[in-house]
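*Asks:* Quick one: structure below, then a few questions.
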Amino acid sequence: MKERRVKANAWDYNDRFSYADNRIKTSKYNIFTFLPINLFEQFQRVANAYFSVLLILQLIPEISSLSWFTTIVPLVFVLVITAVKDATDDYFRYKSDQQVNNRQSQVLIRGSLQNEKWMNVRVGDIIKLENNQFVAADILLLCSSEPYGLCYVETAELDGETNLKVRQALTVTSDLGDISKLMDFDGEVICEPPNNKLDRFTGTLYWKGNKYPLDNEKMLLRGCVLRNTEWCFGMVIFAGSQTKLMQNCGRTKLKRTSIDKLMNTLVLWIFAFLICMGVVLAIGHTIWETYVGTNFRVFLPWDTFQISAVFSGFLTFWSYIIILNTVVPISLYVSVEVLRLGHSYFINWDRKMYHSPMGTAAEARTTTLNEELGQVEFIFSDKTGTLTQNIMVFSKCSINGQMYGMDRLKKKTACVDFSFNPLCDRRFKFFDSSLVEAIKMEDPAVQEFFRLLALCHTVMPEEKSEGNLVYQAQSPDEGALVTAARNFGFVFRARTPETVTLCEMGRTVTYQLLAILDFNNVRKRMSVIVRSPEGQIKLYSKGADTIIFERLDPSSENLMYTTSEHLSEFAGEGLRTLALAYKDLDEDYFKVWMKRLLFASTVIENREDQLAVLYDEIELGMKLLGATAIEDKLQEGVPETIACLNLADIKIWVLTGDKLETAMNIGYSCNMLRDDMNEVFVISGHSLQDVRLEENSGVIHFHCLSSFLRSAKEHILGLSRVSSAGHVEKTDAFADDSVFEEAIIAEYALVINGHSLAHVLEPQLEHILLDLACLCKTVICCRVTPMQKAQVVELVKRHKRAVTLAIGDGANDVSMIKTAHIGVGISGQEGMQAVLASDYSFAQFRYLQRLLLVHGRWSYFRMCNFLGYFFYKNFAFTLVHFWYGFFCGFSAQTVYDQWFITLFNIVYTSLPVLAMGLFDQDVNDQNSLRYPSLYKPGQQNLLFNKRQFFLCTLQGMATSFLLFFIPYGAFPLMVKEDGSPFSDQQAFAVTIATSLVIVVSVQIGLDTHYWTAVNHLFIWGSLMVYFAILFAMQSDGLFGIFPSSFPFIGTARNCLSEKSVWLVVLLTTVVCVMPGLVVRFLRVDLFPTLTDKVRRLQQSRKKQGPQEQNLRRVRRTSSRRSAYAFSHQQGFGELITSGKNIRRSTVSSLCSPERIAQSHSSSWIENMLKRKNEVSCASPESEGGAPKSVKGTVCMDPTDQAQF
């Protein structure tokens, strides 16, 4: 469908198009589809299908020597347990869906407002929203309680941003406030079909013979919350699954770990190996029957269906397939699910990942991906709400050459007392009392500084009660500046289209607002022109320091140099800087200029160009006041977390919808970008041709984007290949770039915007982009859509075959979260859409470090050790039958009795291996965080792969060989204490079984790195349980009750009472265990890994108690970055001067501080003083070095981009 037609209050008309209803469904199953779909998913595991075939074979008595219950019971158990787990997970999704679907909404039906469930809302309905209500569907705003049809919405569920957005209804519909008028409204909307573009909408309203264009500013999207607006009415355009929120959610995919996929391959290999053993034994049986078996047919005749030796060999083949199937027991999969469940609970129970201010614990929302957390190579992170708190804090300032604001690291500095100002914001903190003293002494420069901050902005005040001021800022940094002015005595109280009212040090002052020179991406500044009560006309301006400095009067030259030094120091601390200036205007000049401005505002052609010329003209010759420094508050511990993850060779890419400058600013704050990097490539073109490379003083033009990408790639490889002597080696051969990724000594960064990304994600360029990005230490993608985020993740998944993790907090991150191997949701103040779609969730980005480096690494380490040991013990257990086949006429007779075969994996060896898989750790959590390089083996898949599997099975085969042939060789030489020989097969079986249980118990003891009481209990307890069951099953009592089931009466008692048997068991154990022990000792002593070194260090420091993580702080020097305007939006000044967003104040007195309570108490906010400088995590491999020289910044079309 190319277009969508929706008519208001016309159900019959809209029903013709079969639009989706407003019901949402994120669950996968229903009561009818659960069984077939779930079984289909479970039988995608090769092992489940394999065991089903074995079960069918065991039901055939002619070939089965084992009872069918030995397979069907564990198989059904696994299927049921997995099905219950899947059903439980899906039920919670269903409950969440029902909770949303059953929310109430007021719908206009037959002339009255009626409460309806969200799921019953239909396209074309007119619904009423009230303050603080969620928007039920994507609706066209018709009217509101605010003047001119304005309303304010919070889009945290969509983009993670908590600052309010303004939406405005069409003028022709803004007066439809009465129910009768809304009932008569029959407008038809023709618009675009459903899509996932959160920032774009195109449509037309047809009403009363006229056409009215519609855009995104007229829409309220599902997931938004109505704020500061008493009520509004809207018409449903998209509902349910067709809303933009749900379009961005994507489908729930079945995620499987790389170990799961490897297991499928290994099961196929084992099955092939099993067939080979069956063929060998079947051939042996055929030969034996032909040449030897004929001698026994006199007293052991064939059954009637056995017609030849070949057919007998065919039946024997299937018999051995059944007997040898325990090389992959079904208990393996039961144990894996138990381990994953346990690892998930460890994450949920980790108090160090509990965020006490919000009462939020970490949550593993899936149990199938834990070991994958130990193999992550790429992290794709959102910015707003994930890395940052979206909170701006006024930190420092420079006024008339004097710098104010103490170093944030000096935690003992007392907070400034603002009790002199009854209108102050109690939450505001500042740590330099000298600025307050300057205010109290009425320093003219300081007063003018804060007067500028209180006047030059587009903030809207809300004062519902006396003194209770709430600022609604379009950008959080504007709010921070106005709040700073408020606390220092210049309180912004009210505005009208013509005036701005301040409370200056307790005195009400009203300024006439003559003009607002609005911000845009080219100007990078905004100015206001006001008339003071004394009649003086002044221009106040703030913006990027480089832009302001170009427009200063020569008299400010000395002050400019001093302020510039302060700005560089601010930027070195990662603060966002802004320059402030003012100018006195002559009355006659201003009148002439104003006439020219009015004329330019009415022209049709080149209006913006003419306005820009006039703005530049009046903003020349300004006098510098100073500069501000705002801290874009990162979440606690973000720089430290990123530094440690980088040391673990995890590449972090930031994918954000913010503007390029804002994204780069955060990159510098997080130390992902640094001025000592060799190059920073910035790609910000709008098309394939709109690209250029700027390097130092020269400008090199390229014909297309691909030329730049290739040149940048060759530039890195050509300059950064290191020879063995340590010098840089240039070469023209770029055949295999991946070989050189580890050899790059220079550090590079890539910053790319959404327009350029759209082109380079085309098939012909995506490989070059990926190669270039992987050669860079930092990658930042800005102005990207939710779909582009998912495409970038998919690109890395498809071509790098690396484990990817996506982390975000808003609905715009859902596609990325679902596309990545692992999705992590931040459960903060910015909504729950990302959490609901995620695999893991917690409250702060810093917990990602512990999730990966501790829980992820441990889970991977434990799972790999578990699998290696499991395959070892089962090959050792099963292949004894293979060797025995050569000595029993290949008759498919088992060495062990049937009960031992049934209980070996379920009882005798299940708990010790579970204890190892749950509790084992090579190093503790402190050392896991202190030495991030320990994480690298998981990325390289070193602990369990096809080679490790082969070594484990080889060790198992050797053990099975020794387990059989040592007793086999010893038994003919042994005699009992009474002189009789050991001639019975049952004694031989007990000896081998006892040796096997002891050998595998000793082996798991050697494989265990971290002993707990549980390990001791399970290992030694399992041995005691083995002997207890063995003696019980071969006792007189059970034989008397079940003679056919327990025929080997007294065998264990007679056999294990002989000293010679215990000598054989001891010899077998020593010979089986000693080679592996020697190899392990030599490897650790001669070729120790980093893990071995850390374990040795940990053991030597064990008595010293826990060590705190050593963090090395490096003060970063940086070029200053002005970023105020970058988070501001163009056009807000025009909205203010039009008066459309002015709320009628209900407060009679604008300034009556004496009526405001003075008593208040301020609590320390420790996070205000948290360090934000670069932090490196100590590592055995990291050594301090001199900073690299700065070679410049490589940029491509650095023009600021308009918002998507």
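Note: Cβ is positioned from N, Cα and C throughout, glycine not excepted.
Just lifted these from TrEMBL, have a look:
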DOMAIN    6-72  domain 'P-type ATPase N-terminal'
TRANSMEM  43-60  transmembrane segment
TRANSMEM  66-84  transmembrane segment
TRANSMEM  266-288  transmembrane segment
TRANSMEM  308-334  transmembrane segment
BINDING   Asp382, Thr384, Asp809, Asp813  Mg(2+) binding site
ACT_SITE  Asp382  active site, 4-aspartylphosphate intermediate
BINDING   Asp382, Lys383, Thr384, Glu478, Phe519, Lys542, Arg576, Thr656, Gly657, Asp658, Arg783, Lys789, Asn812, Asp813  ATP binding site
DOMAIN    835-1089  domain 'P-type ATPase C-terminal'
TRANSMEM  866-887  transmembrane segment
TRANSMEM  899-919  transmembrane segment
TRANSMEM  949-975  transmembrane segment
TRANSMEM  987-1006  transmembrane segment
TRANSMEM  1018-1041  transmembrane segment
TRANSMEM  1061-1082  transmembrane segment
REGION    1097-1121  region 'Disordered'
REGION    1175-1204  region 'Disordered'
*Asks:* Of the binding-site residues Phe519, Arg576, Arg783, Asn812, which one has its Cα closest to the Cα of Asp382 (Mg(2+) binding site)?
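*Replies:* Comparing Cα positions, the candidate nearest Asp382 (Mg(2+) binding site) turns out to be Asn812.
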*Asks:* Which of the listed binding-site residues (Asp382, Asp813) has the least company, meaning the fewest other Cβ atoms within 10 Å of its Cβ?
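*Replies:* Each of the binding-site residues Asp382, Asp813 was scored by Cβ atoms within 10 Å; lowest is Asp382.
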*Asks:* How do the residues of the domain 'P-type ATPase N-terminal' (6-72) split into helix, strand and coil according to DSSP?
*Replies:* 31 helix, 2 strand, 34 coil
*Asks:* Measuring Cα to Cα, how many Å separate Gly657 (ATP binding site) from Asp813 (Mg(2+) binding site)?
*Replies:* 10
*Asks:* Please report, as numbers and ranges, the same-chain residues at least 6 past the borders of the transmembrane segment (266-288) whose CB is under 8 Å from any CB of it.
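*Replies:* For the transmembrane segment (266-288), the nonlocal Cβ contacts are 46-47, 50, 309-310, 312-314, 316-318, 320-321, 324-325, 327-328, 882, 885-886, 889-892, 946, 949.
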*Asks:* Do you know offhand how many angstrom separate Asn812 (ATP binding site) and Thr384 (Mg(2+) binding site) by C-alpha?
*Replies:* 11
*Asks:* Please report how many Å separate the Cα atom of Arg576 (ATP binding site) from that of Asp809 (Mg(2+) binding site), as a whole number.
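*Replies:* Between the Cα atoms of Arg576 (ATP binding site) and Asp809 (Mg(2+) binding site), the distance comes to 24 Å.
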*Asks:* I need the CA-to-CA distance for Asp809 (Mg(2+) binding site) versus Arg783 (ATP binding site), whole Å please.
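*Replies:* The separation of the Cα atoms works out to 17 Å.
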*Asks:* Taking the Cα atoms as reference points, how far is Arg783 (ATP binding site) from Thr384 (Mg(2+) binding site) in Å?
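*Replies:* It is 12 Å, counting Cα to Cα.
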*Asks:* Other than its own, how many Cβ atoms are within 10 Å of the Cβ belonging to Asp809 (Mg(2+) binding site)?
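*Replies:* Result for Asp809 (Mg(2+) binding site): 35 neighbouring Cβ atoms inside 10 Å.
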*Asks:* Return the residue, from the listed binding-site residues Thr384, Asn812, with the maximum count of other C-beta atoms within 10 angstroms of its C-beta.
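*Replies:* Per the Cβ count, the most surrounded site is Asn812.
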*Asks:* In the structure shown, with every protein chain counted, which of the binding-site residues Arg576, Arg783 has the densest set of Cβ atoms within 10 angstroms of its Cβ?
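*Replies:* Counting every other Cβ within 10 Å of each candidate, the maximum falls on Arg576.
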*Asks:* Taking every protein chain in this structure into account, which of the binding-site residues Phe519, Gly657 has the most other Cβ atoms within 10 Å of its Cβ?
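*Replies:* The most densely surrounded of these binding-site residues is Gly657.
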*Asks:* To the nearest whole angstrom, what is the C-alpha distance linking Asp813 (Mg(2+) binding site) and Phe519 (ATP binding site)?
*Replies:* 29
*Asks:* Looking at the domain 'P-type ATPase N-terminal' (6-72) alone, can you tell me the average pLDDT?
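*Replies:* Averaging the confidence scores along the domain 'P-type ATPase N-terminal' (6-72) gives 82.
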*Asks:* Whole-number Å only: compute the distance from the Cα of Phe519 (ATP binding site) to the Cα of Thr384 (Mg(2+) binding site).
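*Replies:* Checking the Cα atoms of Phe519 (ATP binding site) and Thr384 (Mg(2+) binding site) gives a distance of 22 Å.
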